[in-house]
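*Asks:* Pasting a structure below so you can have a look.
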Amino acid sequence: MGVDMRMNLSLFLSIYLSSILFLLVFHIIFFCLWYLGLISRVAGRRPEILTVVQNCAVISIACCVFYSHCGNRAMLKQKPSVRKNSNWFWEKGERNTWLANFLRMNELKDQVCSSWFAPVGSASDYPLLSKWVIYGEIACSGSCSGPSDEISPIYSLWATFIGLYIANYVVERSTGWALTHPLSVEEYEKLKKNQMKPDFLDMVPWYSGTSADLFKTVFDLLVSVTVFVGRFDMRMMQASMSRVHEGAQQYDLFYDHLSEREDLWFDFMADTGDGGNSSYAVARLLAQPSIQLTKDDSLLTLPRGDLLLIGGDLAYPNPSRFTYERRLFCPFQYALQPPPWYKPDHIAVNKPELPEGVSELKEYNGPQCFIIPGNHDWFDGLNTFMRYICHKSWLGGWFMPQKKSYFALQLPKRWWVFGLDLSLHADIDVYQFQFFSELVKTKVGENDSVIIMTHEPHWLLDWYWNNVSGENVSHLICDYLKGRCKLRIAGDLHHYMRHSCVPSEGPVHVQHLLVNGSGGAFLHPTHVFSNFSQFYGKTYECKAAYPSFDDSSRIALGNILKFRKMNWQFDFIGGIIYFILVFSIFPQCQLDHILQDDSFSGHLRSFFGTVWNSFVYMLEHSFVSLAGVVLLLMLAFTFVPSKLALKKRAIIGILHVSAHLASAVILMLLLELGLETCIRHKLLATSGYHSLYQWYQSVETEHFPDPTGLRARIEQWTFGLYPACIKYLMSAFDVPEVIAVTRSNICKYGIQSLSRGGAIIYYASVFLYFWVFSTPVVSLVFGSYLYICINWLHIHFDEAFSSLRIANYKSFTRFHINRDGDLEVFTLAIDKVPREWKLDPDWDGEAKQPQQWSHRIKHPSKWSASVSHQDPLNTVRIVDRFIIKQTDNQDFASSNGSINS
């Protein structure tokens, strides 16, 4: 390519270190002037170290590119020769060679070097500061008579960039303040508000190899499953701590303060507390006094729910003070602010802690919230849930009167909600079953209707896993409620699906099955569950799915295209795994047969033959690589869902590992072929480990003479550190040379010829390059595996979509018990969640009283989308709508629900 890599690398290091030193001195001087008051105090903001380092790197690269193409010479401007009788592309009579003339890039390059980067002067124009630094020589291959007085264009370019940086920094820090200073206080506050943004957290990186939260999640899960499950249950502790033993009259669990209302609006959501954008988008919709929508050419107004039900999984990836406060409470407080007297650290001992002026719970007319825990909330034994839900009174502006992790709500018109806590057992405990069964016997009427709320949707998960769970829940529904359970709602699966029972003979235990876990967590697929149809011996039909089955299948393609982009931290693990797989087969010394073959097909045969031989060598002689392959096989086998037969799991695991192993070996061989080619062409391994420094010395002596002996004096003054530091620093940066020289020694004398330190340096150097090459491939292979599994085999629904971290397709369900006792159900959804927010001008401009409740103002949410047409209030739509009739008999045909979606 005509590029001198050694010279460029040495030049890059020299300019890079000089630039950092120069800018460091500049910033120190600037800071001293600011400290003495010679510069405005507003201009004293310190620069980011990363910005300085990036600018120095860009400057160094620009100088190296200039040197590679123009050299360290001041090119003279030459008048271009005039070509007569020529067209735009070709000369007359040379029409067949116009392309060749057009591709003469050297002439164009010389024109650019001489015109765009013309010399800036000579020694007669500028004072002589340091001739061996500022002034260069004409590159004349030793034929020059002496140093030139023309200024080096490399120095000119470097000085130009440094001057631009200094000028920009000074203007930004000084003039910027002067321009904004004349603003009035009102204008300044307005400008400040326009620049305000919420501090939302991003979606949880589930495939991060460096996240402490994920390691804590795994540890908490292992402890909960292996230590506490079957030995200790917080639900039993709650039952034992209850002082009232009157069955359904336990005020810690039973709430009837809403039962006397004429009608009631209430909302359901689940699986929130992941990304801040998605969680706030849903909370913003929940907080609005009303939502106006257009459906079937008619305008619908849906008032805010007086009651909010949350179906678990409140914060990801694990329950902790940080995740609950930042991922759950923060978005909800932005959506609907808590009362003015609210204190975040306050612990509610005697709930419900009613506001001042309210004597009993039924008198409170603000929005309320009841929550059940999910499996993620149980990872720490329910400790965080008890502290933040059962012992706090406010989730934003929603009042939380509940004391335990499960509850029963008596609603108007003979409707009930049973909130069940399934823990990590996927079932209710004996004490919980006792409470609800007694409640059914003593309180629930024969013609009442019950909504069962659980975290896990047993109907879908049991079908998917070929399993039977929730025996106590089924016993409660089938043997105690006996057809009075009109609806089951659940989360856990981060999508929306509704199934309704097909009319048939015999009793119907549950009429409708509704899953809506789209409250803020990453999206789950729907097409994996498209074949579900049987539950409790009855046939169910899918009435609505969001996103649709086709959209869900299409979204899965992102695993191939976006896996690495969405999970770049996975590179840390993937690159290490690939290096372990090929660790024992470095280096490859016998590659002559590949390079000496004459035909392309011969090259391919030799190449893949060597790949196979490397695999055989790994099985017969290696230790580290073989151990890595065996461990990876075990992990791949256990990674395949247990719902499949052992034989299928083994086949899928072996194919998965084979794809990774083949990719790793091919990458290893390509890297070795590249090194072998460079060695054959004398580009590497020519003179030892310090070849770059030796080259640097020769070029430095030739182009930057030192007639005054300044280098020798600097070496003496620094006790030899000056040349030693440069020497070893260049050796550290010249990684290809280290690899090539060590590889040649290994191939010649064997691996035993290396010392322990030499072996560590060699493998560490190889790892740096191999890691860079392998990380895109490991992400591509793993993403392809997930795509094939989710779309072809319908497995890995959790793993294949958590990798995409999709914040879109969020929804919640709004219920209305009307005056006739019918239950109207609306599921509201937003297809695209905004990523940028601004201070809502309606919220900011609305007049508020000091002690005013947030639910009484017209615009309760603090942030709106930066682009108005992307705001959830403007994009929300109805994706499902149906009605469950309140009947006095078991006439199922008349209450099967009418769908208008």
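Even glycines carry a Cβ here, placed using N, Cα and C.
Dumping what TrEMBL says about this protein:
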type: DOMAIN; residues: 268-468; note: domain 'Calcineurin-like phosphoesterase'
type: TRANSMEM; residues: 12-37; note: transmembrane segment
type: TRANSMEM; residues: 49-70; note: transmembrane segment
type: TRANSMEM; residues: 572-595; note: transmembrane segment
type: TRANSMEM; residues: 615-639; note: transmembrane segment
type: TRANSMEM; residues: 651-671; note: transmembrane segment
type: TRANSMEM; residues: 760-788; note: transmembrane segment
*Asks:* Tell me if the transmembrane segment (615-639) touches the transmembrane segment (572-595). I count contact as 3 or more CB pairs below 8 A, with pairs 6 or more residues apart.
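*Replies:* Touching, yes - the transmembrane segment (572-595) and the transmembrane segment (615-639) meet the threshold of 3 or more Cβ pairs under 8 Å.
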*Asks:* Mean pLDDT over the domain 'Calcineurin-like phosphoesterase' (268-468): what is the value?
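*Replies:* Summarising the domain 'Calcineurin-like phosphoesterase' (268-468) by its mean pLDDT gives 94.
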*Asks:* Between 12-37, 49-70, 615-639, 760-788, who has the most Cβ pairs under 8 Å to the transmembrane segment (651-671)?
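*Replies:* Stretch with the highest Cβ contact count: 760-788.
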*Asks:* Given the cut-off of 8 Å on Cβ pairs that are 6 or more apart in sequence, determine whether the transmembrane segment (49-70) and the transmembrane segment (760-788) share at least 3 such pairs.
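*Replies:* Between the transmembrane segment (760-788) and the transmembrane segment (49-70), which are separate recorded stretches, there is no contact, as judged by 3 or more close Cβ pairs.
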